[in-house]
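Enquirer: Below is one structure. I have some questions about it.
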Amino acid sequence: MNQRLIIKTALSAAILASLAGCASQPAHEWNADTTYKLTVLHTNDHHGRFWQNKHGEYGMAARKTLIDDLRDEIQAEGGSVLLLSGGDINTGVPESDLQDAEPDFKGMSKIGYDAMALGNHEFDNPLDVLFKQQDWANFPMLSANIYDKKTGKRLFQPYAMFNKQGIKIAVIGLTTEDTAKLGNPEFIGQVDFRDPKVEAKELIAELKKTENPDLIFAVTHMGHYENGNRGINAPGDVALARYLNEGDLDMIVGGHSQEPVCMEGPNVIKKNFKPGDECQPDQQNGTYIVQAHEWGKYVGRADYEFRNGELSMVSYDLIPVNLKKKINVDGQSQRVFVQDEITQDKAMLDFLRPFQEKGQSQLNVKIAESNGKLEGDRDVVRFQQTNLGRLIATAHMERAKADFAVMNSGGVRDSIEAGDITYKDVLTVQPFGNMVSYVDMSGQEVLDYLNIVATKPVDSGAYAQFAGISMRIENDKVTNVFIGNKQLRLDGRYRFTVPSYNASGGDGYPKIDTHPGYVNTGFTDAEVLKDYLESHSPIDVNEYAPSGEVMYQTNNVVNQ
């Protein structure tokens with residue numbers, strides 16, 4: 001028999017076998033007219049919080065107890081559980097950061113996560129660290145839209161399949177394409193972050209042909225934006241659901257925007273959600289969208305019923321993990337649990353404690369003190385000039401002997417409370433390990449730069465904090481610029497500092513690290529801040545309070 005006949009015969013046999021299989025195999029493994037219970041538990045934006053905070057809130061030991069109890073309860077009632085994470089395990093507290101989030105990924109494995117989305121902060125470290133973290137995790141880290149620029153192939157597993165009582169569930173992973181500007185440019189030069197909406201549509205079509213799932217979920221790190229109003233951010237979960245065919249995704253388990261996704265009505269988010277409140281998830285184009293705030297503060301619980309191929313949500317809840325509220329008792333403020341205290345799992349505590357002790361041994365030494373709060377809260381520092389933003393910029397300016405300083409608010413990760421300041425406080429505020437850099441430019445170049453950087457919108461990490469400069473921003477244009485109390489001269493020469501991350505184009509800033517006047521000092525931002533605090537202690541926070549140096553005017557309304 002010649003080769004062509006062998007191939008033809010083999011193909012004919014394969015086609016007949018395939019047709020016979022289609023005729024004899026059931027289309028599904030579940031039983032008709034039977035109601036199945038399925039619960040999806042989820043967290044997101046963990047950011048290194050493996051240990052409880054100083055008030056005894058959240059932490060992975062309490063989370064494990066809660067999830068173990070929920071699993072036992074659900075399985076006792078005949079249901080099944082899927083545990084998912086919306087990503088950003090990395091970057092947040094020094095005890096985790098100094099150990100490459102080893103306690104966090106290994107802790108997630110012990111809790112029993114089924115899958116997670118890769119978040120943008122997974123790319124704050126070199127790729128070899130991320131690959132090491134994959135080895136620590138006994139669950140898949142998913143992203144369908146991240147490719148190797150050289151090979152054109154996906155860098156990570158795009159989806160995972162799960163079988164729950166005969167129900168075939170495909171879980172696809174998607175990562176914000178903003179990672180290209182939010183990730184450290186030094187580590188992602190060969191990584192291509194493609195449009196997750198397009199990748200999702202193509203992958204869903206492929207899965208329907210190859211895997212024939214009963215349900216398709218997406219675990220994403222793209223952000224939830226009310227009614228899809230995303231500003232300068234890349235498209236998020238709402239845009240994803242609307243882009244796909246209706247009902248292509250049964251559920252999106254999200255992250256990135258770090259909020260409880262609880263709706264008051266269609267396309268209207270509940271603005272003042274408090275722990276213990278009822279939570280109604282978003283629903284767009286036949287897709288449920290959920291997100292559980294941040295740091296393991298909550299475990300989201302979505303209870304479904306599956307019957308004859310149809311999925312319906314029975315209930316949804318955000319369960320607080322030992323969150324507390326302040327009350328007044330006999331004229332004094334006390335913190336009490338919002339709900340019953342969740343006992344910390346002893347085995348998990350024993351596992352995590354050595355990591356916590358190792359980290360703390362390096363961090364809890366006092367380096368300075370202050371007479372008030374240095375403001376770095378996300379919902380403040382991304383909207384207005386603050387004393388902490390100005391202090392950090394001043395520290396950079398002093399180290400580089402610069403005329404003024406630019407500091408992206410996304411690099412200010414927390415506040416520093418009044419009183420003693422430790423190295424841990426510094427690393428919590430600046431965990432990324434960016435270098436302080438500076439550039440010498442002409443006045444015209446400076447003005448061109450400011451017209452891009454100083455006009456970045458609020459509510460984004462690109463919003464800039466400044467020191468050593470005053471200006472007015474109106475209609476996306478910078479005017480009345482003074483540097484060192486002298487008006488900007490277009491033919492003058494000026495030096496300013498900027499984090500190396502932004503100098504490389506991060507946050508959409510102009511890429512200036514190839515400018516002939518650019519210098520990377522080699523000093524990490526946290527080290528510079530630590531040295532500045534030590535040498536200027538005690539810190540008078542009032543000296544750094546903004547007093548109208550940077551004025552924004554929009555629709556005749558002036559903001560600082």
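Cβ atoms are placed via backbone N, Cα and C, with glycine included.
Small disclaimer: the values here were computed from a predicted structure and weren't measured.
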Enquirer: Among H42, H221, H293, indicate the single residue that Swiss-Prot lists for the divalent metal cation 2 site containing D88, N120, H256.
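Expert: The record-listed residue among the candidates is H221.
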Enquirer: Among Q190, Q258, Q280, find me the residue Swiss-Prot lists at the same divalent metal cation 1 site as D45, H47, D88.
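Expert: When Swiss-Prot describes the divalent metal cation 1 site, the candidate it includes is Q258.
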Enquirer: Swiss-Prot records Y501, N502, A503, S504, G505, G506, D507 as substrate-binding residues. Which of F404, F432, F466 is assigned to the same site?
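Expert: Record source Swiss-Prot; matching candidate: F432.
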Enquirer: Identify all same-chain residues not among F432, Y501, N502, A503, S504, G505, G506, D507 whose C-beta atom falls within 8 angstroms of the centroid of the substrate site's C-beta atoms; report them in sequence order.
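Expert: Here the nearby residues are K181, N184, P185, N408, N434, V498, P499, S500, Y509.
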Enquirer: Any idea of the Cα spread of the substrate site, F432, Y501, N502, A503, S504, G505, G506, D507, as a max distance in Å?
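Expert: Farthest-apart Cα atoms in F432, Y501, N502, A503, S504, G505, G506, D507 are separated by 16 Å.
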Enquirer: Among the binding-site residues G505, G506, which residue has its Cβ surrounded by the fewest other Cβ atoms within 10 Å?
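Expert: Among the binding-site residues G505, G506, the sparsest Cβ neighbourhood within 10 Å belongs to G505.
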Enquirer: Helix, strand or coil at Y501 (substrate binding site), per DSSP?
Expert: helix
Enquirer: Given the recorded divalent metal cation 2 site (D88, N120, H221, H256), which additional residues of the same chain have their Cβ within 8 Å of the Cβ centre, ordered by sequence?
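Expert: My list of surrounding residues reads N44, D45, G86, G87, A117, L118, G119, H121, E122, T175, T176, T179, M222, G223, G255.
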Enquirer: Can you tell which of the binding-site residues D88, N120, H256, Q258 lies nearest to Y501 (substrate binding site) in space, using Cα positions?
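Expert: The smallest Cα gap between Y501 (substrate binding site) and any of the binding-site residues is with N120.
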Enquirer: Tell me, in order along the sequence, which recorded positions from H121, H221, A503, G505, D507 have their CA within 10 Å of H47 (divalent metal cation 1 binding site).
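Expert: Within 10 Å Cα-Cα: H121.
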Enquirer: Cα of S504 (substrate binding site) to Cα of H256 (divalent metal cation 2 binding site): how many Å, rounded?
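Expert: Computed Cα spacing between S504 (substrate binding site) and H256 (divalent metal cation 2 binding site) is 22 Å.
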